[in-house]
Amino acid sequence: MATCIWLRSCGARRLGWTFPGCRLRPRAGGLVPASGPAPGPAQLRCYAGGLAGLSAALLRTDSFVGGRWLPAAATFPVQDPASGAALGMVADCGVREARAAVRAAYEAFCCWREVSAKERSSLLRKWYNLMIQNKDDLARIITAESGKPLKEAHGEILYSAFFLEWFSEEARRVYGDIIYTPAKDRRALVLKQPIGVAAVITPWNFPSAMITRKVGAALAAGCTVVVKPAEDTPFSALALAELASQAGIPSGVYNVIPCSRKNAKEVGEAICTDPLVSKISFTGSTTTGKILLHHAANSVKRVSMELGGLAPFIVFDSANVDQAVAGAMASKFRNTGQTCVCSNQFLVQRGIHDAFVKAFAEAMKKNLRVGNGFEEGTTQGPLINEKAVEKVEKQVNDAVSKGATVVTGGKRHQLGKNFFEPTLLCNVTQDMLCTHEETFGPLAPVIKFDTEEEAIAIANAADVGLAGYFYSQDPAQIWRVAEQLEVGMVGVNEGLISSVECPFGGVKQSGLGREGSKYGIDEYLELKYVCYGGL
């Protein structure tokens, strides 16, 4: 049986439901049918055979605002970073489109906040199920627009979907409190309520997972969102919008406004300064994060930020070399070194240094294969663009000019302008760029140290503190170092630490707040104290 929610006071759209498990029915003339023809780019569907047979419905190029697919006045090209070929032209949203998206989200919030936690949970679960059903197509979209090896893209889609599953469950666990006061005729209650419209700005390196980690929590809490995806990877965000629509997520709850690099600054400013936006969630560089914090300050908006890192990877003399090398490979070369928690500097104690460097170099030569992300066996795809390659190249040249030794790699790869050889440097010192500037590429610089105190001092010298790793077999040392490292996340004898169940975030200039875990939903909730008197 269908049930309708109609709140005239908030000017929201009519939302049609069936309980339980029915899709939203948009009003006539509203939402473009999810199953209808999609204006997906032919180039993307045919790219290198890797996207042959991909569902056209998932290849969207327009913005998604208020439950409708809308073009913009202009478009911008999205390129395959492996070949440089154009994948398609995407709507280039500007300030007008950004404000319209915020308005749509605000109007939808009036109704969405009143939807029961059980129903929000059900809708998120449907979205999760659709991601799993379409996981192969979604993975191929990621590989096409980011260059990520297809095996890793599949892993990201599962990771991404698991956030929707997790927060579908957390939606039903938003509890308040009862506080007993000294006054016998009073009771004090603490309510948790959704904060409002959230502006969500996401990066290109995890174009799906960074959306669901934020949006899953926001929607579970009862918030609505406006997503501005990275200009390099908008197709993943738009594909998620299509699946959200198919899942029955109401019109205006999830909005996507892609834009070009030229418009990114003004669009970001527009959504972050709009008075109808109550929350900003951003993943990206520390530099950009500071700009957005300035925008938020004028209207005192709630902010969550996951910014840059300079993750140390410490190997103590007591470590198992083989385990440390395996952890280093996983931590450094996932997504070709383009993750915010990638190890950026390897601190290796003198007694184990030579054995570690030798084993690390051998593992790199044996296990890393540079190639197109769609090619079977590829472990290292292209960097996102030539600017990223230039940064790695600059760091390598700087280190070598100051005395570092190239153990393996060290130059651009013959495959193309966006490829760089996996590189290992030794004899690295702290005056080199690669030790105090986030690389975001396949470069592993090794610094030799003598004492535990020295390693901790080097690791904590950074003004950022997202993740840190260390390998040791000494239980007392493990506790000391884990507590002393100034980071938000620590991997002890482990190189891969991200999990939907665990809090993700940093300290210092690596950001504010936590994502994922049971704490992630709190970023989108406000506490309200209610004093009930006269009892």
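Cβ atoms here come from the backbone N, Cα and C positions, even for glycine.
For Glu306, the entry in Swiss-Prot reads active site, proton acceptor. Annotation source Swiss-Prot lists active site, nucleophile at Cys340. Annotated substrate binding site per Swiss-Prot: Arg213, Arg334, Ser498, in sequence order. According to Swiss-Prot, the feature disulfide bond maps to Cys340-Cys342. Taken from Swiss-Prot, the feature N6-acetyllysine applies to Lys126, Lys265, Lys365, Lys411, supported by similarity to another entry. Taken from Swiss-Prot, the feature N6-succinyllysine applies to Lys126, Lys135, Lys184, Lys265, Lys402, supported by similarity to another entry. Positions annotated as phosphoserine by Swiss-Prot: Ser499. Annotation source Swiss-Prot lists site 'Transition state stabilizer' at Asn205, citing similarity to another entry. What Swiss-Prot records for 1-47 is transit peptide, and it gives sequence analysis as the kind of evidence.
Here the features listed in Swiss-Prot are placed on the structure.
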residue: Lys126; record: N6-acetyllysine; DSSP (3 states): helix
residue: Lys135; record: N6-succinyllysine; DSSP (3 states): helix
residue: Glu306; record: active site, proton acceptor; DSSP (3 states): strand
residue: Cys340; record: active site, nucleophile; DSSP (3 states): coil
residue: Lys365; record: N6-acetyllysine; DSSP (3 states): helix
residue: Lys402; record: N6-succinyllysine; DSSP (3 states): coil
residue: Lys411; record: N6-acetyllysine; DSSP (3 states): coil
residue: Ser498; record: substrate binding site; DSSP (3 states): coil
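The most densely surrounded of the recorded positions Arg213, Lys402, Lys411 is Arg213 (count of other Cβ atoms within 10 A of its Cβ). The recorded positions close to Cys342 (disulfide bond), defined as a CA atom within 10 A of its CA, are Arg334 out of Lys135, Asn205, Lys265, Arg334, Lys365, Lys411. For the pair formed by Arg334 (substrate binding site) and Cys340 (active site, nucleophile), distance between Cα atoms is given as 11 Å, rounded to the nearest Å.
The shortest Cα-Cα distance between the residue listed as 'phosphoserine' and any of the recorded positions Lys126, Lys184, Asn205, Arg213, Lys411 is the one to Arg213. Here the C-alpha separation of Lys135 (N6-succinyllysine) and Arg213 (substrate binding site) works out to 17 Å. Counting in whole angstrom, Glu306 (active site, proton acceptor) lies 45 from Lys184 (N6-succinyllysine) by their C-alpha atoms. Cα-Cα distance from Lys411 (N6-acetyllysine) to Cys340 (active site, nucleophile): 22 Å (rounded to the nearest whole number). Cα spacing between Lys184 (N6-succinyllysine) and Ser498 (substrate binding site): 48 Å, rounded to the nearest whole number.
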